[in-house]
Amino acid sequence: MLTSIAERIMYCLTGKTPNSVGPVETSETSDGYDFLEVKPGRVLRVRHILPSCPGDREEEELFEEKNGGQGLVHCKRRITVYRNGQLVIENLGATLRSEILHCRNGNLEPAGTLEVELSDFTSTGNEGGGKESDVPPGKRRKRKPKKVIMVDCQRQVKCCKGTHSDVVLFFIHGVGGSLDIWKEQLDFFSKLGYEVVAPDLVGHGASTAPQIGAAYTFYALAEDMRCIFKRYAKKRNILVGHSYGVSFCTFLAHEYPDLVHKVVMINGGGPTALEPSLCSIFNMPTCVLHCLSPCLAWSFLKAGFARQGAKEKQLLREGNAFNVSSFVLRAMMSGQYWPEGDEVYHAELTVPILLVHGMHDKFVPLDEDQRMAEILLITFLKIIEEGSHMVMLECPETVNTLLHEFFLWQPETQNTTAEDTGNE
């Protein structure tokens, strides 16, 4: 205890962080990890597991021949933005019909309606404008929209098995974590034959930690993830993100709609533009944050886990769920600025998305994930009663089963001729 206090006093005097993440000198493969230099001096550790038994090409070709025309979904919706910030989403196709969207897991329900009217939803609440219901329908139709976006495309969503050589799973962690939080998922899916990729964000795990705040902005981190994605991506890629990592999955799905086949968002929150809070404990000086680090770790344990027993403390420690220097933590929180990632940005996504929410999560309220389910086009929301923010550590078997069922899910083929006739 005295040693810990002394270390913090020395830190306040010298500004040097004990046990901080140091630079990685190699950019080669080591102990099953890749160290990739995405920019000069910016090296990320990546866990890349290749299947021990590559998929049978003949079996894949036979599967493709049998199911080549299946899983075709017509994604059609009109997104209207009004000048008072209100948003109206009309699903014009039959994409969200329950007979088309179904999973092997009977508990999964498709989220969405044929017409949704939504007010501006920001991190500060709904104060931006009046409610849509307060305006008479006749007057509402006469309003001149600020912007109208038409989404009209076809996607082929297929079953993704571990034996398929064109499938890669990407796992992206959030603030304070590392790729170690995915240990159970990486082991489970690699044993099923999937190729898996999990990076450490810069400043986290064994990646380098630049001592400049600009290195931790959303845009800098997003470009890192773009480099990782372009390095390992194949024909069908599935992105799995947790917390802040969900934002990077959303970014990649928007940037590469033809390469991102499915997305899983675990406790990612609502479809809101990112903006750092002005009144936050993370705006305090780094030395003060360092002195408060034991309190922050305890607060994370309380808010991130449904229980706070010995097992959870061990998971927190061994999973590196919250193990980052005070400088990196402060820079990460203040760098979360992404105005483009608003409701419209999310509404434009046509990729199938699974939302996973831990019922006891104190960081992300349930209504935020429900809001996300309303905005997205093809989505399922699954609530895990026993889990919290770190649900992949608390309930690994449940999460693994849920993810696997979603990977295997394939929608029934739509009758596009009948649908187009109905729309006319």
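Cβ from N, Cα, C; glycine included.
If you look up Swiss-Prot, you'll see SER243, ASP361, HIS389 marked as active site, charge relay system. Look at Swiss-Prot and you will find 168-270 tagged as domain 'AB hydrolase-1', backed by sequence analysis. Among the features that Swiss-Prot reports, region 'Disordered' is placed at 120-143.
Feature annotations (Swiss-Prot) mapped to structure.
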residue : record                           : Cβ neighbours (10 Å)
SER243  : active site, charge relay system : 24
ASP361  : active site, charge relay system : 26
HIS389  : active site, charge relay system : 25
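ASP361 (active site, charge relay system) sits 5 Å from HIS389 (active site, charge relay system), taking the C-alpha atoms as the reference points.
Counted with DSSP, the domain 'AB hydrolase-1' (168-270) comes out as 43 helix, 24 strand, 36 coil. A Cα-Cα distance of 8 Å separates SER243 (active site, charge relay system) from HIS389 (active site, charge relay system).
In the predicted model, the domain 'AB hydrolase-1' (168-270) has a mean pLDDT of 97.
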